[in-house]
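Let me begin by presenting the structure, written as structure tokens, before commenting on it.
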Amino acid sequence: MGDVEKGKKIFVQKCAQCHTVEKGGKHKTGPNLHGLFGRKTGQAAGFSYTDANKNKGITWGEDTLMEYLENPKKYIPGTKMIFAGIKKKGERADLIAYLKKATNE
């Protein structure tokens, strides 16, 4: 598992412009990520997803996030997430460790 503190820095640098993680956090360009783990794609209440996200039908967890965060548009063709991805596996592991903690508090 990755390093939560390093993951928080990655989130602030690469994700926080479009996403929030706290319970009751607002949707921005991207959805609030609270409760992400164990939720199916395209299911955050009140966020307008593309059909690609709604129809992907996978459940978010460490393995699915590891693959998605490497190249979001390859994993879910048609997603409106414009982020290019994180190529370094260690950085993805750190981010996932942070998300696992932060989206569950």
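Quick reminder: no glycine exception, Cβ is built from N, Cα and C everywhere.
Annotated features, as they stand in Swiss-Prot:
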- Cys15, Cys18, His19, Met81: heme c binding site (BINDING)
- Gly2: N-acetylglycine (MOD_RES)
- Tyr49: phosphotyrosine (MOD_RES)
- Lys56: N6-succinyllysine (MOD_RES)
- Lys73: N6-acetyllysine (MOD_RES)
- Lys73: N6-succinyllysine (MOD_RES)
- Tyr98: phosphotyrosine (MOD_RES)
- Lys100: N6-acetyllysine (MOD_RES)
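Same-chain residues with CB within 8 A of the center of the Cys15, Cys18, His19, Met81 CB atoms, the heme c site residues themselves not counted, are Lys14, Ala16, Gln17, Lys28, Thr29, Gly30, Leu33, Phe83. When the Cα atoms are compared, Tyr98 (phosphotyrosine) and the residue listed as 'N-acetylglycine' turn out to be 8 Å apart. According to DSSP, His19 (heme c binding site) sits in a coil region rather than a helix or strand. DSSP assigns Lys56 (N6-succinyllysine) to a helix. Between the candidate recorded positions, His19, Lys73, Lys100, the densest Cβ environment within 10 Å is the one around His19. Annotated pair Lys56 (N6-succinyllysine) and Cys15 (heme c binding site), C-alpha to C-alpha distance, rounded: 21 Å. Around the Cβ of Cys18 (heme c binding site), the same chain contributes Lys28, Thr29, Gly30, Met81, Phe83, each under 8 angstroms and 6 or more positions distant in sequence. Ranked by CA distance from Lys100 (N6-acetyllysine), the recorded positions Gly2, Cys15, His19, Tyr49, Lys73 have Gly2 at the top as the closest.
Cα separation, Lys73 (N6-acetyllysine) to Tyr49 (phosphotyrosine), rounded: 14 Å.
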